[in-house]
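Asker: Pulled from TrEMBL, these are the listed features:
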- A:34-248: domain '6-phosphofructo-2-kinase' (DOMAIN)
- A:Arg255, A:His256, A:Gly257, A:Glu258, A:Ser259, A:Glu260, A:Leu261, A:Asn262, A:Arg305: substrate binding site (BINDING)
- A:His256: active site, tele-phosphohistidine intermediate (ACT_SITE)
- A:Glu325: active site, proton donor/acceptor (ACT_SITE)
Amino acid sequence: SPARELTQNPLQKTWEPYNNGLPAGHSAQRGVCMTNCPTLIVMVGLPARGKTYISKKLTRYLNWIGVPTKEFNVGQYRRDLVKKYKSFEFFLPDNEEGLKIRKQCALAALNDVRQYLSEENGHVAVFDATNTTRERRETIYKFGEENGYKTFFVESVCVDPEVIAANIVQVKLGSPDYVDCSNDEATEDFMKRIECYKNSYETLDETLDKDLSYIKIMDVGRSYLVNRVMDHIQSRIVYYLMNIHVTPRSIYLCRHGESELNLKGRIGGDPGLSVRGKEFAKSLAQFINEQNIKDLKVWTSQMKRTIQTAEALGVPYEQWKVLNEIDAGVCEEMTYEEIQENYPLEFALRDQDKYRYRYPKGESYEDLVQRLEPVIMELERQENVLVICHQAVMRCLLAYFLDKPAEQLPYLKCPLHTVLKLTPVAYG
Amino acid sequence: AWASYMTNSPTLIVMIGLPARGKTYVSKKLTRYLNWIGVPTKVFNLGVYRREAVKSYKSYDFFRHDNKEAMEIRKRCALVALEDVKAYLLEECGQIAVRFSALNVVLHLGTSELPRAFGVFFVESVCDDPEVIAANILEVKVSSPDYPERNRENVMDDFLKRIECYKVTYQPLDPDAYDKDLSFIKVINVGQRFLVNRVQDYIQSKIVYYLMNIHVQPRTIYLCRHGESEYNLVGKIGGDSGLSPRGKQFAQALKKFIEEQEIVDLKVWTSQLKRTIQTAESLGVTYEQWKILNEIDAGVCEEMTYAEIEAKYPDEFALRDQEKYLYRYPGGESYQDLVQRLEPVIMELERQGNVLVISHQAVMRCLLAYFLDKSADELPYLRCPLHTMLKLTPVAYGCKVETITLNVEAVDTHRDKPSLNSNNLPASQTPVRMRRNSFTPRASADTVKRPRHYSVGSKPLEALGPFPSLE
């Protein structure tokens, strides 16, 4: 039988086979990672061990790299059901009423997980609850098996009282549960809440749980135990979890100073800074000095305009080719008017779906996200960093930190001569 | 030396474990990977030093812990090796030394004696599955220089006794107490489980990720290019042309070949350029398109013939022949850029089983260089002709490669490195600017050379003088 004809998707410029004028199956686009069956990530750990922090961060990362992910916080289900939180007594192991409600909430959450993964095209669901008993974990594992999901456990173990106290201050005192309490009352109640779980806590065990897939995170990332990683997505999750940290720090994002082509309204190219751009570079140097940032790393792209900007700072900097501006292919160095005149169809297509639109012989925002992933990974590893980059690049990085979806990403405001200072706080 | 400017100090990786736990296998593989991504790495194998010192190996008695004379020899070997390691990391500007030893003497030499300038990372391989151990012994020990004439059973027997000698003094890394401040990864049962402790920096993080993705299941990797394309026929590089008639013939021949091989669960990967996809379409199986498998971007030279490039950009043309690995097309890419872009492909190839990758000449050269441990100098000249399949099978410490021509004629797109003629060098040329991860901006007003942070593996530019060696 003859090979099928190929047609090029006008938006993404990808070649797809077709039969009788309709797209045919058989080929798949390699996004960043392909998941064959949905994955259920199950958090495990005592309260105030960072489970929700990890859930939210992981969800944000997976969505950014293009894996549809959603988190399901059982505590939230409980708050929706039991309108007013009274005290830690709700969590006492012999509180029949409490146990009944908590089980109900867990099942409701699992039901929503099933709907997300099996009916709504979700790829990954993060089930955020203590899940501290083997029995509870078995129930969830069976649920995963019945529905054809791969289950991966993420346990956070921490005994350092300072870390736990800091967690309580960061995220528990402001919780809806404690809206009417003083800080001291809230802390006292929460410590008793943790005690309720301790007696029945069964940590993931090297022998008893040897057939499960999991990562055990100890002391906020000092060490990790990783067991039976099954596939690509689990491997990526493990890598990500091993690179994140909670040390306070700030990330500064800005664009290069105004360039000669900016002045002419032309996109792309490799121009140098305009007069005002050079002034910005000097102002940036002054700003950075005043901020007195400890051990600041400075990163630029390999395009002249970001490097010239960094040069004005008088500090060491590192050049990353992957921070280069989006490649506009045949439209490089044109003005938007010229593009509209010479490539009216392209111009229209771009406005239709700016995230997926790929310039002819160039890139799309979607391509940019894939190429920026190592930058994000290294930003997670680092502490204080200033990234001097470009408009499209900065939008992608910002979307990661602020959890903006693909539809909004290409329209995020990143004006010239503006620095965005990002500081992690609570869950965001 | 320039090392003091580095954000990342050199790293010493120390392999730990009883014999036949895969230390040499992991050392060599890790070294191959690190060198490929541009981090100069070298293996220092204590067994080699020992074989130098003790010309003929008699039996496992040498390894008994109560054999004082032998212990002295082994300690001396360790010290000599350590000296060589220091020389490599400090004087030869190596980045990583992978040193392996089953001796716990190494740990006593310990981190206190190693200069502070090194990061030390331990990789321990622990295995309690007797089948795995037996398989290791058969695969690599039977043909070791230690056992030139023995028959299999004797070898197995002697080697198992050797292992027993080590077991007496073996102290595995203990993360909960004694070794809790060390940076290490413990690989348990060939990757079923890992314990990771105190990863300090970027390179250790990458090493951990790599070790967690490799496996030892037998499998085969098939590499080939797209069928001959319309542009190939007219000698144009790059672009996005379709297959020529002979290219389509090749696609059919490829289909037949794949069917005959009867490969279990074969994955097929292509780039997002039409010619690889058309080739895959003929196979009639599911395939996956990767943008990062696209051919090297020739920038302003896209869709030109070499003759046209030489006429229009003679300086660029000459530069490329001088230093083909590092040379970046204006507005395009270099082989070095290609390697960076292909790293996720390599990582996923390590995870996978049987895979057929239909790609392009430069891309295939990069992938092949990884599997066959070819240097940056050799990489851009590796032979990857059209209509030829390379079948790679992991074996012992390396990779067996079979070349299979599918008997469909095609043009030859290979260019050998021309012999250097000073007439070819552009007149205004000072030494070729190494474009690695940084370059000296021409417009810089400041003449004072500032210290720069380099990505691991890159060296600072010398303003004058020969280019630094790539090895």
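Every residue, even glycine, has its Cβ placed from backbone N, Cα and C.
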Asker: Within 8 Å of the centroid of the Cβ atoms of A:Arg255, A:His256, A:Gly257, A:Glu258, A:Ser259, A:Glu260, A:Leu261, A:Asn262, A:Arg305, which other residues of that chain place their own Cβ, given that this set defines the recorded substrate site?
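Answerer: Near the substrate site, the remaining chain residues are A:Pro271, A:Gly272, A:Leu273, A:Ser274, A:Gly277, A:Leu416.
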Asker: Which whole number of Å gives the largest C-alpha distance between any two of A:Arg255, A:His256, A:Gly257, A:Glu258, A:Ser259, A:Glu260, A:Leu261, A:Asn262, A:Arg305, the residues noted as binding substrate?
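Answerer: In whole numbers, the farthest two Cα atoms are 14 Å apart.
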Asker: Would you mind pulling the DSSP three-state label for the residue listed as 'active site, proton donor/acceptor'?
Answerer: coil
Asker: If you measure A:Gly257 (substrate binding site) to A:Glu325 (active site, proton donor/acceptor) at Cα, how many Å is it?
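Answerer: For A:Gly257 (substrate binding site) versus A:Glu325 (active site, proton donor/acceptor), the Cα atoms are 14 Å apart.
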Asker: At the Cα level, what's the spacing in Å between A:Arg255 (substrate binding site) and A:Glu325 (active site, proton donor/acceptor), rounded?
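Answerer: If we compare the Cα positions of A:Arg255 (substrate binding site) and A:Glu325 (active site, proton donor/acceptor), the gap is 10 Å.
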Asker: At the level of the C-alpha atoms, what whole-angstrom distance separates the residue listed as 'active site, proton donor/acceptor' and A:Arg305 (substrate binding site)?
Answerer: 11
Asker: Find the average pLDDT over the domain '6-phosphofructo-2-kinase' (A:34-248) in the predicted model and report it.
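Answerer: Overall, the domain '6-phosphofructo-2-kinase' (A:34-248) comes to a mean pLDDT of 94.
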Asker: Which secondary structure state does DSSP assign to A:Arg305 (substrate binding site), in the simple three-class scheme?
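Answerer: Note: A:Arg305 (substrate binding site) is helical by DSSP.
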Asker: Only counting partners 6 or more residues apart, tell me which same-chain residues put their Cβ under 8 Å from the Cβ of A:Leu261 (substrate binding site).
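Answerer: Set apart from A:Leu261 (substrate binding site) by at least 6 residues yet with Cβ under 8 Å, we have A:Ile267, A:Gly268, A:Gly269, A:Pro271, A:Glu333.
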Asker: Round to the nearest Å and give the CA-to-CA distance linking A:Arg305 (substrate binding site) with A:His256 (active site, tele-phosphohistidine intermediate).
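Answerer: On Cα coordinates alone, these residues lie 6 Å apart.
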